[in-house]
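**Student:** Sharing a structure here in structure tokens format.
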Amino acid sequence: MDYFPIFCQLQHKACLLVGGGEIAERKARLLLDAGALVTVNACEFAPQFHHWADQGQLSLISGEFVPELLADKWLVIAATDQLSVNALVYQSANQQRIFCNVVDDPKRTSFIMPSIIDRSPIMIAVSSGGKAPVLARLLREKLEALLPQHLGQLAQLAGNLRQRVKQHFTVMTERRRFWEKLLTHDRLAQSLANNDHVQADQHVEQLFSAPLTDRGEVVLVGAGPGDAGLLTLKGLQQIQQADVVVYDRLVSDEVMNLVRRDAERIFVGKQSGHHCVPQEQINQILLQQAQSGKRVVRLKGGDPFIFGRGGEELEELAGYGIPFSVVPGITAASGCSAYSGIPLTHRDHAQSVRLVTGHAKKEGQLDWANLAAEKQTLVFYMGLSQAGEIQQQLIQHGMPATTQVALVENGTSRHQRVVSGELSQLALLSQQVSSPSLIIVGSVVSLREKLNWFSSRHHDDQPKVTECVAHVG
């Protein structure tokens, strides 16, 4: 360990900053955020320093650095572009046993300033010891994305409750269980994120009055269309906190690799014509796991409320009083169209978009006349087996046979493949792809050649329609 990690209490402590430029300005912000009494020494000062001085937030001393400026200082930072000045600051501070940081000079530094994630009072520091500051910054950015903004409020709330918890729960195991419930309470977290402190206080009171026996919950999470990079931050947080993850065939391996390692995984994959697990049994799995006190994530491809039967599953849970919440995902229509270079709406082509299931209930009848109207884009989910019917009905109800269509197979993944042609060829084209595939119908498909960015970048095989038709024939 090259450096001993330590957090300093600088509230009302005198600190010296040598330098008046842009880098010094960044260091000054950090010192001011920490509540330090900051004195800045430089020959020239950036405008922000004068603003701070006018506001009484810090003091300015104009002129060359002299060692006497270190009197009564707790620490000093040298942030000038003159090596000789920085060296003098370090040497003088060292002689007086004052911690000194010289920016970008590890050899003349007695302490380093790491990359920080500030969720006060939670503070996280990342340092490479000056060896790879860019790597430290990249790690900080990843952590910044993972940690919710309300984390500091949650920590502050926990601190305010410590004494009350000690008095209310005399047994240590009960205290631990209470803290676990409070710190993983989704609705409390959401209230804090919304700055709704009244609602947050209500959730806290419910936790104090509720029995400490484990009570599970279900979080319905949309995994997106395939590319793990399209999983939302909140979705990622949920799958990394889950005790159990119930997932289906449309959830990519890349997304599943992000699930908490010790979480139980239950596969309930479904596909057209073959249900590995009946929907009623899936409902029972969710119910039983939640009733046993587990934190359950129901992970669905795309968005769970768009042809994902998420509403049906939650209705079942609601009937038994099981707490639940929903994390939306990027639906296949949005992901597949974007990764195929096909805008769903365009001022010159389509003023509306319709999402249509290819597997409605048998008694359901689509309004084909409206679907065949001009100036709109149609996106059919689970429509491969019905491609012939879709082609026939749309043409029969007035849509031109030359209308452009595209079929997107394994959209947004590295295995994505797109075939395109005319509506009159849809049935034949459907034989060139396999499930999961999405059907897009509308003149916006004609923009694909111009806007296709993903397949050209990944060198995907993109067979032409003429090749598909010739192959089928």
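Numbering starts at 1 and runs along the chain as it is shown here.
Using the three backbone atoms N, Cα and C, a Cβ is placed for every residue, glycine included.
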**Student:** Swiss-Prot records Gly301, Gly302, Asp303, Ile306, Thr331, Ala332, Met382, Gly411 as S-adenosyl-L-methionine-binding residues. Which of Pro211, Pro225, Pro436 is assigned to the same site?
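**Tutor:** It is Pro225, as the record lists it for that site.
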**Student:** State the count of C-beta atoms found within 10 angstroms of the C-beta of Gly302 (S-adenosyl-L-methionine binding site), not counting that atom itself.
**Tutor:** 29
**Student:** Can you give the largest Cα to Cα distance in Å, as a whole number, for the residues Glu22, Ile23, Cys43, Glu44 that bind NAD(+) in the record?
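**Tutor:** Overall maximum Cα spacing for these binding residues reaches 15 Å.
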**Student:** What's the CA to CA span in angstrom from Gly411 (S-adenosyl-L-methionine binding site) over to Ser128 (phosphoserine)?
**Tutor:** 39
**Student:** Just jot down the residues in the same chain as Ile306 (S-adenosyl-L-methionine binding site), at least 6 apart in sequence, with C-beta under 8 A of its C-beta; none if empty.
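**Tutor:** In sequence order, Thr331, Ala333, Leu355, Tyr381 meet the Cβ cut-off.
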**Student:** Within 8 Å of the centroid of the Cβ atoms of Pro225, Gly301, Gly302, Asp303, Ile306, Thr331, Ala332, Met382, Gly411, which other residues of that chain place their own Cβ, given that this set defines the recorded S-adenosyl-L-methionine site?
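**Tutor:** Filtered neighbour residues, in order: Gly224, Leu250, Phe307, Gly308, Gly329, Ile330, Ala333, Gly335, Cys336, Tyr381, Leu438.
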